[in-house]
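**Q** One structure coming up, written as structure tokens, with questions to follow.
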Amino acid sequence: MEYSIVPAREIFRHFSVLSIGIFYLTALISVGIFAYGVWLRVAKYRGGRAVAQHGLTWARVRETALVVLSHSKLRKRNALAGWAHVLIFFGFLTLLAGTITIWIDHDVLGLFGIHFWKGVFYLWFSATLDLMGLALLVGLAIMAARRWSTQPQFDYSRADRKAGTYSRLGYVRDDTIFLAILFLIGATGFVTEALRILADRPDFEVWSFVGWQLANGLSAVGLSRADANQLHFYCWWLHAILVFTFIAYIPYSKAIHILVDSANLLVRDPVAGKRLPAISEDVAGLGYQRLEDLTWKDRLNLDACTKCGRCHVACPARAGGWQLSPRDVILDLREQAEAKLGGGSLLHETSLAHDGSAGGGLIKPEVLWACTTCMACMEACPVGIEHVPLIVQMRRNLVEQGVMEPNLQKTLEKIGSSGNSFGEAAQNRAKWTQALPFRIKDARKEPVEYLWFVGDYASFDPGLQEITRSVARILHRTGVDFGILYEAEQNSGNDVRRVGEEGLFQMLIENNLAALGQARFKEIITTDPHTYNTLKFEYPEFGGEYRVRHYTELLAELIESGRIPISHPLDAIATYHDPCNLSRYTEVTDAPRAIMQAIGIKLIEMPRNRSNSFCCGAGGGRIWMASPGSEERPSHQRMREALELPDVKYFVVACPKDVVMFREAAAAVQGAGHIQVKEMIELVEMAISETVPALS
Amino acid sequence: MKIITFVKHVPSSGATPRIAVTKRGIEEEGLAYEANETDLYAIEEALYQRFVHQGTVTAVTIGPRRAQAALHVAYAKGVDHGIHVLTEGSHGTDTALNVAAAAEVVKKQGFDLIFTGIQADDDLQGLFGIALAEHLGIPVISAVTQVNVSADKKTAVVTRELGGGYKEEFEVDLPCLCTVQFGIRPVRYSSIMAIVKARSRKIESMSLEAMKIASRQASRMSIAELSYPENSGQCQMLDGAPAEAVRTLVANLVEKGVI
């Protein structure tokens, strides 16, 4: 027969015209249901507020394609799940491409009597699809095993509600159906292929190696060619119906992430969280109070979540037993959006009891106030969901309503009246300099090369002032030309903005820009990574464009160039805690490590390091709040992480707030007595002591 | 219901004030100001009563031009009207003058209830509310911690604080005046945006001349001298390891004869 010479196969093998008709009709219905679901979603996004800028450029398209194809974000936090997704992703994509190829051959070019799906192309096509189909099944099997067999079990529980007051069975079902239907599609595809091969046995089908072997297997267990021929028809239809069901199901399930997440990655904000959105003119209040306040991009963000739970695991507030889980914030908002605006999943979370404390806003205040804005969630999210800006937008509403804990209110009032979180008079800001044997230049009065933005904690906290003086001493001894703003410097506003007090933030910016305007300098250096972030990413929007660096960056440079000679290398073992604002926000992770290496420290990394660092719990204004979580504090958990490492003498930090947080942790955590919490500068000073001659 | 509250613009406690050379006042320069704390409690109570009984809340400040900032805060909290009585000369501490001016304002406005803070954070006199009620000839209850108004009967049941944690309950005819104790209900945070927005709200300005009040009425009291508080104790930080620090502490306490 001809097809034994030119390899190919019949699409509708032994089909009656009626069967073919039913097939096309079913296909049409399925695609129709799919299109309607997609349209509902698009309508939902189109109803959102406009976005000032979404940064969609060709570079972004390239970058996104790279992220999607390499799965870099998916593999980052969980290599096994990431690689399993690689198998599923490319398996699915190849099968989709294969189906489209056959459709073009059969239903487009076929109409003109042109066929290319045959011969050598057909053989390679068969082999490739079998290989990738197998990849899909293996990937799905790994995912299924991960989800249902490994311990601890995947955590579906909400951080803000008691078990029994809600049910997430809908989510479990959605996840199960998605996995199962894909697996069944793959499996029935192979069985259909095997039955056809068994019935017809064309020699060239050895290229469909999975189907071929499966046919051998079926034959071995006694399936006759005649029975296979019969069964093929039913199995073919089963496969087809599964595929059509899946296509129709996509926009009403987590499968939509195939489309939504690519779009979401395309429009993500490269400085999301680092630079918070300005107050929108078209929002009734100052922040987000109602669903209508969300932009189309926010709505897309909500739909992008696949409930993978990486943010849930990474979140320090969740780990510390506060009511926040970044995942739940997103899912909660999504449920609200789907209920009110339509265009969503068939399966939902159900509330079994009324949550009395929900209040008027979108998310409970206790949940929103738990956030340290450490950005671990956004760093972990493989699909570019921007949790932190959303949370801050909702906090802005809480601030406007005056809903906050008394400690925070007191602090904001102090900052409002005195310009610093300690409520100290401005004249006292530079009091720490009085114990220095030299005078620091007033950058407002004489030009300097480096303007040092000291920050509130480094200036006022009595436990930190010696460290602050250390920085001054080393810069002075090295002959660095630097100055400060004295009483004109105010809180930089980084955490004030993250609390959601935008007006106060703008007031602080205005005052600081006025002070910076009086000063002459080439570059700003900061001690506080929080200050660093806002100066670097947020001040430019208000007209303050400066070159800004963290002091560790300057120090690393000075050590590298030999201007700070290290004569007393420390010869000690230490671990380093990356401050959130230095690692995830401003992406400085090499300079502190270079300094440690130069001063003779043997660095042992904690499991969570660099951009995967675990927040001390003080960010986003949390340092001004007292409400406790139900689990061990994040800083204590972090100290335990360091205790797991052998022989660590120093727990090194590069942020004033970290010194406060971790000195407390070292004193409180059992067995941490031998660990000394050191600000980087203290170690540097030890390593150069007696060597650099004082200049004055 | 018409409610009037009074709010004073006082130096904030953040900065230590410097005593003027004359020793009879403090230097205005370098001071930061804020709305007096208990006056904010009075405003919160007034707004709560408006929430329950409807009506209007008017906030009045008496003081120099800068005192308008106290009204911005009042507007941000949610009052309906702001009135500023301009007194450039006095620093708000002349109770007789304040009472005379306040009486003119409230008579012109009409009122059912007046709330003032129990005292001003700067001079701590605690006179204004009581003197105003006396001047107007209406009942006054001081250190009020709870107010239940019965709008039909034109009365209110008012709880005030006594020493030793006791409480006293009055039934009082309206109109009346309450000087409000700290903590009557939480003072909500006023965001800077809200205060900035409030700056564009209209403030009715009244002058002492128009009210025919002499700017400085003869007083039988005058400040003789202001002085800084003297250090009465001392504080010493003990460094070192806990065990060592405790030894030093015990040694010091023994040396001082405490133990």
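Even glycines carry a Cβ here, placed using N, Cα and C.
Worth saying up front: this structure is predicted, and the values here are computed from it rather than measured.
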**Q** Kindly point out the range from A:204-224, A:372-392, A:645-665 that TrEMBL annotates with transmembrane segment.
**A** A:204-224
**Q** Near the transmembrane segment (A:80-104), which residues from the same chain, at least 6 beyond its ends, have a CB less than 8 A from one of its CBs?
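**A** Answer is 11, 71, 74, 117, 125, 128-129, 132-140, 142-143, 146, 182, 186, 189, 258, 308.
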**Q** Determine which residues of the chain contact the transmembrane segment (A:231-252) at the Cβ level, with the cut-off under 8 Å and only residues 6 or more beyond its ends counted.
**A** 13-14, 23, 26-27, 29-31, 33-34, 36-38, 40-41, 177, 181-182, 184-185, 188-189, 191-192, 195-196, 199, 223, 258-259, 343-346
**Q** Going along the chain, which residues at least six beyond the ends of the domain '4Fe-4S ferredoxin-type' (A:296-327) come within the CB cut-off of under 8 Å?
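**A** Distant contacts of the domain '4Fe-4S ferredoxin-type' (A:296-327): 41, 44-51, 54, 77-78, 81, 154-156, 158-160, 171, 175, 254, 256-257, 260-261, 263-264, 267, 333-334, 337, 341, 344, 364, 366-368, 370-372, 374, 376-387, 390-391, 612, 614-617, 627, 629-634, 637.
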**Q** From the DSSP assignment alone, can you count helix, strand and coil residues within the domain '4Fe-4S ferredoxin-type' (A:363-391)?
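**A** Here the numbers are 15 helix, 0 strand, 14 coil.
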